[in-house]
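A.B. asks: Input: one structure, supplied below.
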Amino acid sequence: MTFSSFLINLFSHVPRLNFKFHWTKDIFNFDWSSEYFQALALVACLGAAVSLLLLVTIIIVWICQACRKNETTGKTRRRVRRLSTVLFIISVLCFFMLGICLFANEHVNRGMSISINSVINSKKSYQISMAQISQFQEAALNTTVDLKNLEDIVHQESKKTKNATIVQQIDQILTNITDEIDIIAKNGKLFQAKHDDDIGTLENIRKFLSMYESERWAFLVILLSITMCVLFTGVVAFCKQSKKGAVVFSAIGFFIFVVVWLLISVSLPVTIALADFCRDGDQVTRKNLGNLYETVQFYNTCVPVTTHDNLPRPIASHVALLNNIPASKSQLDRLMEVAFNSSAAITNSSSAVGEDITKLLKLAGAVSSSSSCYVFHDDVANFYYGTCNQSVAGMSIYMMSILLLGLLLFVLLIVVSKTWNLFSRLPEEYIEVDDDDPFFPRGVNDSTIPVDIYGTHVYNPRTRDRTEPSTNTTSGTADESNAPLWSQNVSTPLVSNSMTRQPFMSDHPYTTYEDRYN
């Protein structure tokens with residue numbers, strides 16, 4: 001038992017219930033009103049119900065998390081580091097599941113490509129076979145015309161001969177050959193009319209499979225790529241421990257979660273339907289292929305050999321009518337030579353019939369060669385191999401991986417909500433000031449800015465000897481000289497009729513205040 005056969009048998013145990021929740025015995029079909037489609041719809045609804053339950057759980061957890069108080073006292077580096085590590089590990093597992101999904105998608109695409117190529121090759125081979133059968137039928141019609149001319153000439157020449165027994169034998173052999181050629185011509189015409197739509201059927205199958213597979217592959221690649229990009233932004237936010245990044249990832253991840261579970265709800269019934277087609281698809285195949293069904297079944301089950309006798313029954317019976325004609329023609333020529341003494345009219349007409357029969361034999365060989373088992377067997381077998389082996393295995397792997405991805409996203413969205421109060425908002429990046437900034441233009445020469453713009457050097461002993469000019473920003477220093485206060489002459493006494501104040505410590509060796517200060 002192959003892996004695909006095991007999966008097909010495994011999916012056969014999935015309950016198939018109609019809308020009345022009764023077990024249905026309906027097998028795979030394309031009828032939208034059938035109980036089989038009701039069973040697939042219930043499977044899709046089951047996936048949607050599970051996704052809705054998980055969504056409600058996420059929303060409740062997020063509301064509870066948002067209503068909690070932002071307690072900063074409980075924040076520790078170890079707790080934040082542990083939470084970011086857990087989120088990183090879950091994200092890596094999600095990446096791993098996404099990689100498996102992409103691998104399974106490519107596996108299904110490869111299987112369907114094998115099936116599509118087999119349909120294309122079968123169509124080309126079938127066109128060649130039908131062309132050979134058409135030429136064979138036309139040659140048979142031409143042969144019947146020449147045989148009728150030969151019969152007319154024999155009837156005319158038989159009046160001149162007295163050997164009635166030989167003439168009777170000639171007439172019997174001509175009748176047998178003519179009847180067999182007529183049967184070949186009529187059967188060829190009926191066969192063409194019966195299988196006239198087979199080329200169109202194969203072309204419709206090719207178009208349907210090509211359109212379905214191209215759209216399915218591109219749709220999944222785009223969605224899985226978007227999911228991968230969102231997860232990458234989440235990983236960056238977790239590594240930086242950014243609160244803003246975690247909140248943005250939560251918002252976008254919510255929609256990604258919904259999309260992934262919608263894919264699960266659709267992929268599960270599609271996988272079950274594909275397995276059912278490979279197990280019980282004969283009825284649908286017979287209905288859609290029509291007269292081509294028996295031919296396909298023959299080429300699928302036949303054993304290819306190098307001989308040309310392994311043909312479908314209609315073609316084999318069609319070609320088998322020529323088996324006795326060459327011997328009958330040789331016997332006819334001998335009898336006519338004896339009876340009519342090599343008459344010119346008889347000889348010419350018999351030669352024309354002989355050429356027609358020779359052409360028929362060559363065309364019969366061409367029909368046998370173009371319709372033999374070894375021509376179609378590999379293509380038909382590859383169709384079933386691509387659809388029921390590679391595609392079933394790929395869809396099953398994809399189904400399991402995307403289901404695990406949906407569960408991991410659920411856990412990730414639950415855990416990421418805890419970062420809203422644990423992660424801190426990162427500071428904004430520094431923005432360089434340009435030359436046109438109105439508050440601090442970079443073009444101004446810094447040397448023109450005064451050293452002390454508020455006049456704090458006034459009455460400061462450490463700045464009394466400096467030569468910097470005053471900024472005149474205070475009223476006390478405006479329009480005054482730079483000389484120290486004690487060296488300025490006061491012409492008018494501040495208080496009249498006052499006693500002369502003796503200098504402090506006048507007996508000290510330093511007689512002036514400036515000397516004492518220095």
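Backbone N, Cα and C atoms are what each Cβ position is placed from, and that goes for glycine too.
Here's the feature list from TrEMBL:
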- 36-64: transmembrane segment (TRANSMEM)
- 85-105: transmembrane segment (TRANSMEM)
- 217-239: transmembrane segment (TRANSMEM)
- 246-264: transmembrane segment (TRANSMEM)
- 397-416: transmembrane segment (TRANSMEM)
- 459-485: region 'Disordered' (REGION)
- 469-485: compositional bias 'Polar residues' (COMPBIAS)
- 497-518: region 'Disordered' (REGION)
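So where do these features actually land, and what's packed around them?
C.D. replies: Sequence-remote contacts of a segment are chain residues at least 6 beyond its ends whose Cβ falls under 8 Å from one of its Cβ atoms, and for the transmembrane segment (397-416) they are 51, 54, 57-58, 61, 83, 86-87, 90-91, 93-94, 97-98, 100-101, 103-105, 107-108, 234, 246, 249-250, 253-254, 256-257, 260-261, 263-264, 267-268, 271.
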A.B. asks: Under a criterion of three or more Cβ pairs within a distance under 8 Å and sequence separation of at least 6, are the transmembrane segment (36-64) and the transmembrane segment (246-264) in contact?
C.D. replies: yes
A.B. asks: Residues sitting near the transmembrane segment (85-105): Cβ under 8 Å, six or more positions beyond its termini, same chain?
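C.D. replies: Hits for the transmembrane segment (85-105): 217, 220-221, 224, 227-228, 231, 234-235, 238-239, 394-395, 397-398, 401-402, 404-405, 408-409, 411-412, 415-416, 419.
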